[in-house]
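Chemist: Could you have a look at this structure, given as structure tokens, before my questions?
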Amino acid sequence: MTDPDGDRKEGFREGMESSEGDPRVVVLINAVLSVLFAWLLVWGGELVGFVEFSVTNVALVAVGLFVFTFVASKP
């Protein structure tokens, strides 16, 4: 029986390392996680009396986190 892939015998690791992926997915995941983490930080900040919980504060923290993680993850 012949292998349908021919002589290509790549394992899972080689396949993952050679895959660039879709950068839009990375940006989307970064945005969603930034908003969730910002919500958690602002909620905790309000719990200890550090900051008022508002949509504006969550949005500002989320944008800051998004930019920070986007810049920090660039090679």
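Even glycines carry a Cβ here, placed using N, Cα and C.
TrEMBL entries are annotated by machine, without manual review.
The structure displayed is predicted, hence computed values, not measured ones.
Dumping what TrEMBL says about this protein:
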- 1-16: compositional bias 'Basic and acidic residues' (COMPBIAS)
- 1-73: domain 'DUF8107' (DOMAIN)
- 1-21: region 'Disordered' (REGION)
- 25-44: transmembrane segment (TRANSMEM)
- 50-72: transmembrane segment (TRANSMEM)
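Can you walk me through where each of these features ends up in the structure?
Modeler: Looking just at the domain 'DUF8107' (1-73), the mean pLDDT is 86.
Cβ atoms under 8 Å from those of the transmembrane segment (25-44) belong to residues 51, 53-54, 57-59, 61-66, 69-70, 73 of the same chain, restricted to positions at least 6 beyond its ends.
Residues 27, 30-31, 34-35, 37-39, 41-43 of the same chain lie 6+ residues outside the transmembrane segment (50-72) yet bring a C-beta within less than 8 angstroms of a C-beta in it.
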Chemist: Sort the residues of the domain 'DUF8107' (1-73) into helix, strand and coil with DSSP and give the three counts.
Modeler: 50 helix, 0 strand, 23 coil
